[in-house]
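If you check TrEMBL, you get these features:
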ACT_SITE  His89  active site, nucleophile
ACT_SITE  Asp353  active site, proton donor
DISULFID  Cys75-Cys415  disulfide bond
DISULFID  Cys259-Cys273  disulfide bond
DISULFID  Cys438-Cys447  disulfide bond
SIGNAL    1-22  signal peptide
Amino acid sequence: MLPNILYVLSLTVLPIFRVVSGLGGSVYANNQQTLQLEDETPERRTSQTHILQRNWGAYSPYYPVAEYVPPPEGCEITQASSVNILQRHGARYPTAGPAAAIALAVTKLQNVSTFKEPSLEFIRNFTWNLGTSDLVLFGAAQSLAAGAEAYHRYNGLVSSDNIPFVRASGSERVIMSATNWTYGFSAASGMRFNPILSVILNESDNNTLHNFCPSIGSSNTQTDIWIGIYTKPIVQRLNDAAPGAKLTVDDVYYLMALCAFESVAINVISDWCGLFDEDEWKGFEYEMDLDKYYGTGYGQLLGPVEGVGYINELIARLTSRPVNDTTQTNTTLDQSLTTFPLNRTIYADFSHDDQLVAIYSAMGLFKQSMALDPTSPLDLELLGTGLDKENTKRTWIASHLVPFSARMVVEKMQCRQLSSEDYMRILVNDAVQPLEFCSGVTPEGVCRVSAFVESQGYATSGGNGDWQKCFE
């Protein structure tokens with residue numbers, strides 16, 4: 001029998017705003033199509049309902065991994081401080097390759113003459129009409145909400161003379177996400193402070209917000225192994241229920257991806273989602289974990305070096321010194337205080353998931369005690385118990401790292417009870433990072449800026465020669 005599961009999302013209604021999406025100019029969320037976003041942390045969730053969207057890996061909508069906590073007592077973010085926000089674009093349609101693969105898998109099922117399972121009958125009336133690559137309305141609203149959140153959290157840093165400086169990588173969905181963030185920030189301030197998108201970085205040129213390394217490998221070997229393992233029983237079940245479909249392991253993977261993409265496109269859970277059970281969704285997410293780990297993460301030799309340029313820009317902002325980098329920075333832009341100012345209190349940069357992963361890895365965040373195993377998750381024995389994420393030592397979980405609208409925030413602060421030096425901490429999706437690599441870090445994740453800079457030898461050295469290997 002097929003699972004035929006009814007999934008429930010824990011959601012909060014988002015106020016109605018004007019947003020920009022890939023649906024064609026200005027779009028409005030109205031009473032007939034109320035857009036909803038999840039803002040509930042795992043710690044605050046009392047229901048044991050399986051929240052499906054948290055198993056979509058990089059296709060998961062943003063949710064806070066932990067509840068935001070202010071800086072510890074004795075530390076504060078003042079006008080002498082700064083906040084650096086690095087954010088992924090909002091939810092989008094599938095890119096061209098996956099879109100074609102999804103359409104092929106759907107066609108195989110629609111060509112079946114008789115379904116043995118009534119739960120598959122919806123497929124006959126299904127119409128594949130999703131776009132490709134563009135931001136969806138839900139994704140546009142994610143960025144707008146993030147801008148409003150940034151204003152409410154850091155409005156003490158804002159004045160008429162000091163509003164956020166915003167950059168974006170040159171992809172349309174990234175540009176739109178950055179623009180929506182500025183709308184959200186403006187609206188939350190009552191239109192008193194109106195940041196604009198100041199710099200768009202061409203993705204064909206040097207760009208610290210877009211990954212580019214011609215010689216980099218891929219994660220296909222590892223992800224293909226795992227897809228072949230976890231989808232095998234699903235292939236058997238669906239082919240039994242749909243005689244003649246001849247679905248493959250790749251078809252099943254793309255049908256699961258369809259669940260995520262259609263859900264964010266129509267703002268409700270797709271009918272396709274109910275074809276798979278909770279353990280199967282955890283298998284899907286682990287494929288995403290492997291993809292990011294071996295794509296631009298620690299498992300890819302030339303993955304982390306793609307994050308070096310951004311870290312060197314971050315160091316420049318933290319220390320108010322010119323950028324010193326020999327990798328993918330755009331030196332023309334970074335040498336100008338107009339296009340790369342060093343005196344702002346809030347910086348917001350918009351990028352892609354693979355680039356965020358490269359930056360995390362180059363910096364030393366989410367380091368694992370062992371490489372991810374493409375034949376099984378570290379917590380395989382806990383699958384189905386409801387305890388797998390709570391008990392595993394593995395912190396490399398794609399939905400925690402790079403969901404749609406993911407964000408890394410670096411808060412520079414003063415801690416006069418510690419010393420007169422500048423301090424900082426890093427949050428990823430509101431979870432404070434331990435920064436074990438930063439000498440003298442406190443239990444609250446607060447570290448001296450000077451110690452952080454010292455810890456970033458891989459970036460300040462230009463990647464220890466890895467950048468040159470990108471072009472060999």
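Using the three backbone atoms N, Cα and C, a Cβ is placed for every residue, glycine included.
A TrEMBL annotation is a machine prediction, not a hand-curated record.
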Count of other CB atoms lying within 10 Å of the CB belonging to Cys438 (disulfide bond): 24
Around the Cβ of the residue listed as 'active site, nucleophile', the count of other Cβ atoms that are within 10 Å: 28
Pairwise CA distance, Cys273 (disulfide bond) versus Asp353 (active site, proton donor), rounded so that it is a whole Å: 23
Other CB atoms within 10 A, centred on Cys75 (disulfide bond): 22
Other CB atoms within 10 A, centred on Asp353 (active site, proton donor): 24
Shortest C-alpha distance to the residue listed as 'active site, nucleophile' - which of the recorded positions Cys75, Cys259, Asp353, Cys415: Asp353
Cβ neighbours within the same chain of Cys259 (disulfide bond) - under 8 Å, at least six residues apart: Trp56, Ile269, Ser270, Trp272, Cys273, Leu275, Phe276
Chain-internal residues, separated by at least six, CB under 8 A from Cys415 (disulfide bond): Pro71, Gly74, Cys75, Glu76, Tyr423, Val446
